[in-house]
Amino acid sequence: MEPAQQPPPQPAPQGPAPPSVSPAGTPAAPPAPPAGHQVVHVRGDSETDLEALFNAVMNPKTANVPQTVPMRLRKLPDSFFKPPEPKSHSRQASTDAGTAGALTPQHVRAHSSPASLQLGAGTLTASGVVSGPAATPAAQHLRQSSFEIPDDVPLPAGWEMAKTSSGQRYFLNHNDQTTTWQDPRKAMLSQLNVPTSASPAVPQTLMNSASGPLPDGWEQAMTQDGEVYYINHKNKTTSWLDPRLDPRFAMNQRITQSAPVKQPPPLAPQSPQGGVLGGGSSNQQQQIQLQQLQMEKERLRLKQQELFRQELALRSQLPSLEQDGGTQNAVSSPGMTQELRTMTTNSSDPFLNSGTYHSRDESTDSGLSMSSYSIPRTPDDFLNSVDEMDTGDTISQSTLPSQQSRFPDYLEALPGTNVDLGTLEGDAMNIEGEELMPSLQEALSSEILDVESVLAATKLDKESFLTWL
C-alpha cells in the first residue's frame, strides 16, 4: 500500500502581510523585524514640512506662532511690577537703591600700562567723591592687589561690617546712614600708598631695594606719577618690567647671600579728612604697614627658594658638562667641592647615605671605563696583543693626559667613589679606549641590517643566526 502523497506547500504571499486584528477589532502593532533587517518608512509630506520650517524662520510674521500669555495676565505678585521703595537705615531693610548712590564705585587699576597712565577727573576720598579741578592734583595711578582684607584689620570710625543671609559682606556707615558693598579699608589703604613728597612710593622702594643690583647697562628711573620704569642703555629701550625678574639673568647671576631688606622710613601721620580717619589712624597705618612688610617678606622667601632650586638644577648639570669638555677650575674649586659633597650626600643613592662610604676594589675586567658604552659580552680581541687591536680609531695622545688630569680631581670631589685609576694609565688606557669604542659598531653587522638576506629561505636554512619563536 503506497503512502498518501502530501500536498505541496503553498508559497508565501507576496508583499507585506496584512496586520493582524485583535479580538476587539483594533489593528495590533506590526511585528518586530527579524534580526539584521531594517524598516524604512517613507513619508510623502517631508518636503512640505521642511519648507514650512524655513518659512517660519524667514517670514516670522506670516508664520503661525502660538500666542504667548501677556505679562499682566500671568500670576505674578504685585512687587514684580513695582520698583522697591527706599527704606530706613537698618540691617533688615538695607538696600543700595536709597541714599547709598552718592558713593559711585571707582575702579582702581591694579596693573599699569603706558597707554593708561591718566586717571579720570574724579577721585575717591574719605569724605566722598571729589570731582572737578580740585581733584586733578590728587589723581594718582594707584597699585592695589585684588585680595580681600582680613577681618582682624579694624574698620574706620563709624563703620560696621555685616553679612547677608547668603554670606556676602557689606558695610554700614553710621555717619551718614548708608550701606555699601565696598570695603572702606581699601580706600584708606589706597590713600596710604599714594606717593607724596614726604614718603614717595614706600612699597615699591622696598620691593626694588630687596631685589639686588640691576644688570649691566640698566638704570632705574621714576615718572612724575611715581611709577618705576627701567632704561636699557644697550639697545636704548625702556620697559615697565624689572630685568632682575628675568629667568635668564637669575641663571647667570649666582646669589651667595640674600640682599638685606631696607626698612622703609616711618610714614608721616596724615591729617584725617572728613572725620573718617579719627584718632586711631596712626595705629591703622602701623597695622597696614606691618601687613605690607609681612607680604613682602613672604614674597622674598618664595623668590629665594626659586633661585635656590635654579641653582641646584644648574649644578646638577655640571657633571655632564664636565665630562663633555668643561673647564677644570669650575669643578676643582674648594667651594664647588664642598657643594658637590652636600649634593651627593642628599642624593637617593643608598650607599652614599649610609654613612660608611662605599669604596670600589681594583677591578681586573673592563667594568670601569672612560666611555659611556656598556659591553654585554667580552670582545673576541680582548686577549690579543696591542698590535692586533689597532682598528684605526685610536684616541689621540693629546686628549688622554687632559682626561687623566681632569677626572681624578672630579672623582675625588665625590664621596664614595674612591676609584683606583692605576689600571687606566699607559697601554691599558689605550687598549680600553680602542676596545670599547667600536663595540657598538661590531654588534650591528651588515647581516642584521640586510633585511632581504635574513628573510630569504636559503639564508634561514643554512646561515640563520636568529631564533624564531
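Glycine is treated like the rest: Cβ placed from N, Cα and C.
The region 'Disordered' feature in Swiss-Prot is assigned to 1-47 (among others).
Here Swiss-Prot flags 1-21 as compositional bias 'Pro residues'.
In the three-state DSSP scheme, T48 (phosphothreonine) falls into the helix class. When other Cβ atoms within 10 Å of the Cβ of T48 (phosphothreonine) are tallied across all protein chains shown, the result is 9. According to Swiss-Prot, the feature phosphothreonine maps to T48 (among others).
Annotation source Swiss-Prot lists coiled coil at 71-85 (among others). Mean pLDDT for the coiled coil (71-85) in this predicted model: 83.
The Cβ of K75 (N6-lactoyllysine) has 5 neighbouring Cβ atoms from other residues within 10 Å, across all protein chains displayed. Among the features that Swiss-Prot reports, N6-lactoyllysine is placed at K75.
Here Swiss-Prot flags 76-99 (among others) as region 'Disordered'.
Positions annotated as phosphoserine by Swiss-Prot, on the basis of a large-scale study or a structure entry: S90 (among others).
Annotation comment: Swiss-Prot describes S94 (among others) as phosphoserine, evidence class a large-scale study or a structure entry.
Here Swiss-Prot flags T104 (among others) as phosphothreonine.
Annotated phosphoserine per Swiss-Prot: S112 (among others), in sequence order.
Annotation comment: Swiss-Prot describes 153-186 as domain 'WW 1', evidence class sequence analysis.
Residues or ranges marked as domain 'WW 2' by Swiss-Prot on the basis of sequence analysis: 212-245.
Annotated region 'Disordered' per Swiss-Prot: 258-290 (among others), in sequence order.
Annotation comment: Swiss-Prot describes 273-469 as region 'Transactivation domain'.
The coiled coil feature in Swiss-Prot is assigned to 280-325 (among others).
The phosphoserine feature in Swiss-Prot is assigned to S320 (among others); the stated evidence is a large-scale study or a structure entry.
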C-alpha spacing of T48 (phosphothreonine) relative to K75 (N6-lactoyllysine), in angstrom: 39
Residue distribution over DSSP helix, strand and coil in the domain 'WW 1' (153-186): 3 helix, 13 strand, 18 coil
